[in-house]
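Data first, discussion second: the structure below is written as structure tokens.
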Ligand SMILES: Nc1ncnc2c1ncn2[C@@H]1O[C@H](COP(=O)(O)OP(=O)(O)OP(=O)(O)O)[C@@H](O)[C@H]1O
Ligand SMILES: [Mg+2]
């Protein structure tokens, strides 16, 4: 039996106070094996980002089970996990605007306790080695996302959470960035959970979880006529 | 929805920005209008009444006694053309009115004298009919007799002198007003910086909507005109209450101000008419448009070039060098102020440059990535908060300098007062009483063994200088010259000055007189007392911070017998005898039921009250400005850091603890606010030097020692600390909330860096 990176059962989350609470996630269950990849799909507002936030400890679930690296989430040292094992990539603004691309990668590596000297290596691996001294505003959106990936891989993560990592890129660039992501994920053998609206990108993951149909709509009953 | 309302909708979403702009405008207008109101009225008071007496002459008694109605009557009967001029300070008012007699002025007209009061309404601003003036309940009143030129021969006991309202000390009063003007310009500068910083912030937040409007086909020029219209609306909304509040402020301060002008500068304040709203309106409107719309008024090319120069720091250094040189060499107050302004501008330009250079150097030098990030972030903060930071720096420097000046003055003044008031009691000689007998009694009954010390002071008027340039001075004659005065500090002296003075071999002058006449110890002066002229050496110069009037100090023996004594008093330290014994004896001798006895402390209190009023305005202005600058930095720091909230959250995503993030936030906020304070110290010290060593002698006629008060520096640093901590605490509340991802425009244009 393969080792599970992540096991989720009966996860529930809503926002707001008791009466006006808006359920976002309800009775969610899935598993992610080591080295596996999972795409989260669903229309806007279905809770993809919320789920990713829960998985990296930035939000707390209301109920349910969440076992991460064989440990219950309530006992997890989330700071340490985020620092060293879980890499997060957002749609944009993943870099410190005041630091060069290389310094960004080195900062992320240093926080993870990884050698800073590998910073240039990761930029090279992502084909932006010659942009190392540029600042985020001096490179294109696609190059910024590559730099964001370089930062994540520089920390040698066990799990990558990516929230629409190619959401603001054009088709060709998005494919390029996705290529790099999947290639390095395969090489390093880390897990990947990726939220996206793009079916093509989702199809490159081993499994897809459609939140829109699994969670809110089902529990809210049939849609009104 | 028009373009205009679309633009205005920004302030609906960010009401505090509109409110901050309006509040800044309001406060700046209030402060500036208040000061302008006071100084311009003081000037108008002088101007208006001085015009009426331009190039006129007055009659004075040769014996220096005050003129009375009897003098007027007897001179009039001899056919002289005279006009009575009765200055009255009404009960409960701070400024004087002048009673004149239009009928008496008729003979002036016959003699071809143009100015008259015929047809001019006598409403008390400041002129009114002499009958009405005489009927007012008066705190003080004094009669002058103005005489027409070529009026004929005067009787023996009178002479003609020129009549002006504040001949001897007018310049000093003017300088005091100029000082206030300079201070108000500085306040204007600082509030201008603050206005600009808030406005630029709102502009940067609206850049997206401008771009959108542009894409909808609205030309840039049109957007700008709308923005100008928006500024004009803001100005109109805030100017009216600002000016009203300013006049209220001026009225609140008027009493103290008038007493300073009268008490310290002998510049009598007269009632004036007219409201002053045009100048403040124009000035504040111009300030607002200048600081907010300057970017469009200056051509792009020039701006880019000037930005380059400014960034290079060279211009700043140039300003500082030229300003410092100017301060050293300036021949008068105006040039001095221009030089100071240049120096301050240089300091203001230099600070952001210095901090920016420091941050990039430190960032490059640190190998630890998080530390590198911290320095880079510090650099951004300094650049983006440059305007409020410079405003705070200048405000701090100003407060520091004014505080040092006032404290030094207070200490020096107190020391001086201590020497002046070395006798325990002051006893006024009642009118009609014979001081000679009292002095005799004191000589007989206060033996040296009792430790008692006393002297008699005779006050009156004299003149120094030769005929045409002679000027009136106050005469203080002491008898005997004893140990009550011989401990005074002298600024300059000849050998054994007190012995010489006691022997009647010369006189001493106060600093103001010596400064203005260019006299030094050892010089020979021409002194005229009761019509007799004598040549005497100056034995010493003594400091006098209280009055700018010229004073001559001498031994009683030197006075001619027919000298008209205006006022007489005894200064007494009773020693073991006991003051009651003395007062009872003297009351008996003079056959008076009670004597006016004042003790040291009450006089000191009085002097300190006058002192406080002198600086109340200055202190109030500087402290208000400082408060404004502090609040502005607090708000701007908070708002700007809030736009970077996402990046602090990014640190959290990367696994840093909240506490660690807060610590970094705190150190950043503290570093920024403390930099302003630390860099304000050298500027403040420089400004202190300029104030006490350059401006003071030019403006007030006396100089002070240069003193520094590091304790107060610590207070200012603590204030900066509080600002920094407050910014960090405000930010901490926000750290817990979800952060908005920064807009793509910001990321792409590099304005986050
Ligand atoms: N802090 C919050 N407070 C209240 N409601 C929230 C909060 N965060 C998210 N929500 C709500 O939860 C729901 C899920 O939001 P979430 O951001 O997870 O959606 P998403 O699937 O990521 O959408 P998108 O595809 O647009 O990014 C939304 O209806 C959102 O309004
Ligand atoms: Mg989302």
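Including glycine, each Cβ sits where the backbone N, Cα and C put it.
Taken verbatim from TrEMBL:
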- B:183-292: domain 'ABC3 transporter permease C-terminal' (DOMAIN)
- B:621-735: domain 'ABC3 transporter permease C-terminal' (DOMAIN)
- B:20-39: transmembrane segment (TRANSMEM)
- B:182-202: transmembrane segment (TRANSMEM)
- B:223-244: transmembrane segment (TRANSMEM)
- B:277-298: transmembrane segment (TRANSMEM)
- B:305-328: transmembrane segment (TRANSMEM)
- B:334-355: transmembrane segment (TRANSMEM)
- B:385-406: transmembrane segment (TRANSMEM)
- B:620-641: transmembrane segment (TRANSMEM)
- B:662-692: transmembrane segment (TRANSMEM)
- B:712-731: transmembrane segment (TRANSMEM)
Within the same chain, the residues 6 or more beyond the ends of the transmembrane segment (B:662-692) and with Cβ under 8 Å of it are 324, 327, 336, 340, 343-344, 347, 351, 354-355, 374, 377-378, 381-382, 385, 389-390, 392-394, 396-402, 404-405, 408, 633, 637, 641, 648, 651, 703-706, 708, 713, 716-717, 719-721, 723-725, 727-728, 731-732, 735
Would the transmembrane segment (B:620-641) count as touching the transmembrane segment (B:20-39), i.e. at least 3 C-beta pairs under 8 angstroms with sequence separation of 6+? yes
Any contact, the transmembrane segment (B:277-298) to the transmembrane segment (B:182-202), with at least 3 Cβ pairs under 8 A: yes
Mind checking which residues reach the transmembrane segment (B:620-641)? Cβ under 8 Å, same chain, six or more beyond either end. 16, 20, 24, 27, 31, 35, 183-184, 186-187, 190-191, 194, 197-198, 201, 253, 381, 384-385, 388-389, 391-392, 394-396, 398-399, 402, 665, 668-669, 672-673, 676, 719, 723, 726-727, 730-731
Under 8 Å between C-beta atoms and at least six residues away from its ends: which parts of the chain pack against the transmembrane segment (B:223-244)? 3-4, 7-8, 18, 21-22, 25-30, 33, 210, 213-214, 277, 280-281, 284-285, 288-289, 292-293, 296
Please list, for the domain 'ABC3 transporter permease C-terminal' (B:183-292), how many residues fall into helix, strand and coil according to DSSP. 93 helix, 1 strand, 16 coil
Per DSSP, what is the helix/strand/coil residue tally across the domain 'ABC3 transporter permease C-terminal' (B:621-735)? 101 helix, 0 strand, 14 coil
Residues sitting near the transmembrane segment (B:712-731): Cβ under 8 Å, six or more positions beyond its termini, same chain? 392, 396, 399-400, 403-404, 407, 626, 630, 633-634, 637-638, 641-642, 645, 648, 662, 665-666, 668-674, 676-678, 680-681
To what whole number does the mean pLDDT across the domain 'ABC3 transporter permease C-terminal' (B:621-735) round? 88
